[in-house]
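The structure appears below as C-alpha cells.
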Amino acid sequence: MNDELEVLLVEDDSDSLTNLTQILQQDGHHVRIAENFAQVRAAGLQPHIALVMLDRQLPDGQAEEVLPELKELLPNAEFVIVTAYADLEHSIAALKLGVVDYICKPFHADVIRASVARIIRQRRIENQLCEEHQFAAEVLKTAEAVILVLAPDGTIQRFNQYFTQITGWKLEDLLGCNWFTKCIPADDRERVCDVFLGVAHNVQSAGVVNSVLMTDGRERQIRWSNTTLKDDHDQVKSILAIGVDVTDLIAAQRNSVQSQRLAAIGQTVTRIAHESRNALQRIQASVDILQLDIPLESDLREEVDSIYRASNELKETLEEVRQYAAPLQLHREPVDLPELWRRVWGYLASSRGDRDAKIVEKLCGCALVVEVDEMRLERVFRNLFENSLAACEDPTQITIDCKCDGPDWIWLEVQDNGPGLSSEQREKLFEPFYTTKVRGTGLGMSIVQRIIEAHGGSIKVGNSNGRGAKFVIRIAKHSQGNSDCCHSSLHREPVQI
C-alpha cells in the first residue's frame, strides 16, 4: 500500500495552514486547501481524499455541525480536528461523530505526524482485510472443495457440483435422503454421527476426516470443517460442512512413510544378510558333512536334519524381508487373468496333495486381460491360495468372482469357506509383520498389497457375512480387454477347477 495520502486542510488561520502544509508535504503527502466549509461544499464529492484536518471553529460554522455533511462529500476520508478551542464536551461529541483524533493548538510536528501514522496503519489494516475478503470470495468460487448442507436430522438438502465431480452422486439422486445411510461406510457411521450431533448442538468441528462412498462403492477421504446455520430465533436450521478431498494426500503420506520404513528395513536386512551369510554357509557346510557321516537310521540324523531345515528357514526369512523392503520394478505385459490364477493353482498341486480342495470360478464372459508384472501377480494369488488352504478344513472351496467395473477396471473377489477373519485380523491384516501363524514373517499380505497398489489397483478385506475370508481386488484392464458390452449382469454358471 502507498503511504502517501491525499489530504484536505480546512483552516482559516494562515500560520496553522502553513505549518500543517509544510509538515505534510515534507512527509510526501499531497495537500489541498480550503479556508471554510463553503469551499469544501463547492468542490463537491471527493472520494480520493483520504484525510481531512479541519479547524473546529470556522467563519461559516463549527465542525460538529457540518461533519455529517462532510462525511457524505468525503466518503473515504478520516477526520482530524485541530483547534485552539478544545473542551471535553465538544471533544466527546466530535469522537461520537467519527473523528479519529482531536489535536490542540499550538501543535508540535511530531503530534501531527503521529496522528497521520496511526491513520496510515489503520488504512493498511483495512486494505489487507479487504484484500483477504476478496481473496476468500474468489477461493470459494474456484476452490475444489465440497459444500454440503444437511438438515438437523441428517437429511441432505444440497451440495455443490464438486461433490458430484468426485463421487458421481447427483443432487437429484440424494436430495431428501439420509447422508449417513447413503454416503458413509457402515463401519464408520457411528463415529461420524457423533460428530454431527455435536455440531447440531453448537459444538463446531474442524479437521474431521472420514470416508465417503462413491456411486461405484469406492471411498474418498474427506476432511471436514462443520458449523451451524441458524434462523432468526437462533435455532439450528442446517449444518454446513465444507470438505476437502484428501484421498491423494493421505495416500501420498502413507506411501512416503512406507518408503521410509522400507528403506530402513532394507538397510537393516542388507547388513544382517551380509553378516549372516558366512555363518549360514558354514552351518550348511557342516551339516552337509554330518549328513554324509551319520547314517540315516541314527538318532542323531534327525537332529542334523532339523538344523538343516532351520538354516533354510532362516535364509527364506531373510530373503522374504529383503524382497519386501526392495523397490518394486514392474515388467508389465498383457496377461489373461483367469489363466494366471489357474496356473498358480496348478503350482500348488504338490503341496495340496490329496486334499479335497477346489476353485470355483464365476466370470462375466469378457476378455479379462490385464497389463501386469506376471511373476508379481502370481505371488498375489499364491499367497491368497496358500492362506486359504492353511485356514480351511476340507472340503476347501475358494470362489473367484471376476467381473468388469466399466470399460477400464476389473473387480475380483476371492473368498474361501474357512473360519473367516476376526475384527482384529481385518484391521491389521495388511500391517507388516502381523501374523497369526506359528511360522512366517507376517509380510505376505503386506507384499500382496504393495504389488496390487504398485499396479495402480487396490485390495481390501471384503464383507463375507461370516462365511470365510473375502478379499476384494480392483485392477486396471489392458486396452485389449475393454468391452463395450459386459455380461456381468447375466447369469453366470460356476466353473470348478
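Keep in mind that glycine also has a Cβ here, set from the backbone N, Cα and C atoms.
All TrEMBL annotations are machine predictions without curation.
So that you can see what the record holds, here are the features copied from TrEMBL:
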type	residues	note
DOMAIN	6-120	domain 'Response regulatory'
MOD_RES	D55	4-aspartylphosphate
DOMAIN	132-192	domain 'PAS'
DOMAIN	271-479	domain 'Histidine kinase'
What average pLDDT is reported by the model for the domain 'PAS' (132-192)?
85
Secondary structure at D55 (4-aspartylphosphate) (DSSP, helix/strand/coil)?
strand
What are the DSSP helix, strand and coil residue counts for the domain 'Response regulatory' (6-120)?
52 helix, 31 strand, 32 coil
Based on DSSP, tally up the residues of the domain 'PAS' (132-192) by helix, strand and coil.
34 helix, 11 strand, 16 coil
